[in-house]
Amino acid sequence: MSLVDGKTFGIIGYGSQGHAHALNLYDNGLDVMVGLYEGSSSIAKAEAEGLKVGMVAEVAEQSDIIMMLIPDHLQSEVYRESIQQHMLPGKTLMFAHGFNIHYDTIQAPEGVDVSMVAPKAPGHRMREVFTKGSGVPGLLAVHQDATGNAHAVGLAYARGVGCTRAGVLDTTFKEETETDLFGEQAVLCGGVTALVKAAYETLIEAGYQPESAYFECMHELKLIVDLLYQGGMGYMRYSVSDTAEFGDYTRGPVVVDAQVKENMKEVLARIQDGSFAREWIAENDEGRPTFYRMREENAAHPIEEVGKELRAMMPFLQDVD
């Protein structure tokens, strides 16, 4: 940590990731400023936590290490308008996700270090684990090493936010960005929600009760994911019935067959060649018409309605971490 002693850390944004990074660094005795836009509701929150707050340009000017923790689609505009002119030689520009560097929407000056520390957990979980004396794993990458210290400063930052308590893995901006997007699209968000909806609809169309379909296809998913998270596929299969395990081996490949894998390859190809990035950037430039339409359509899916009713009967769910 001696490498960053006396340095000022500018955290741009105070959302899920921003508050965790800022507070963890602050609790480790480092000088932290939070950069926000005028009128932000997060100003009072950050100040209440004892943090110094300023406008983005002010924080960028005064900070030695600047971490971008606002949404991907906002970063390039905020960088051009409020940060770029303050990126003097010797400073460090950091990210928690490689999107804008990998797809060239942000280009730092030659004399600036550009690196990434990507904690592998949502911000609230990252902060919770830190306050209990532990940390979440993280990824570290260097895009531009102007000073020769980019990796060491990145590692010090990772220590400051608690990631070294669990472990930090070296990667690249390309690998982090492409695998992160693919995981979200093929499994974690797109894949799992499409699978759940298709299974729910299959049961409903076959005449089963919505409540039963919800429990089997949505509610119990957490039980399985927790087992996978805790001990991998082997532990999950050890924990379920032999009937469920046999169905896993024999019917899983029927549902997720070779064509599904080919579809996944196509999804990955569109991430690798920049097609998805260009589509998402254009969607934001046009005011997000497709995004908002799809959000509204999915919110109205019958599984959401029956789920809301059933979850209201289970107040204990609010106590789940």
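Positions of Cβ are set from backbone N, Cα and C atoms, glycine also.
Nobody curates TrEMBL annotations by hand; they come from automatic prediction.
What TrEMBL records for 1-171 is domain 'KARI N-terminal Rossmann'.
DSSP labels the residues of the domain 'KARI C-terminal knotted' (172-317) in these numbers: 126 helix, 0 strand, 20 coil. For 172-317, the entry in TrEMBL reads domain 'KARI C-terminal knotted'.
Annotation source TrEMBL lists Mg(2+) 1 binding site at ASP180, GLU184. Around the Cβ of ASP180 (Mg(2+) 1 binding site), 18 further Cβ atoms fall within 10 Å across all displayed protein chains.
Summarising the annotation, TrEMBL assigns Mg(2+) 2 binding site to ASP180, GLU216, GLU220.
Per TrEMBL, the feature substrate binding site maps to SER241. The C-beta environment of SER241 (substrate binding site), restricted to residues of the same chain at least 6 apart in sequence and closer than 8 Å, is empty.
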> Where ASP180 (Mg(2+) 1 binding site) and GLU216 (Mg(2+) 2 binding site) are concerned, what is their Cα separation in Å, rounded?
Replying inline: 28
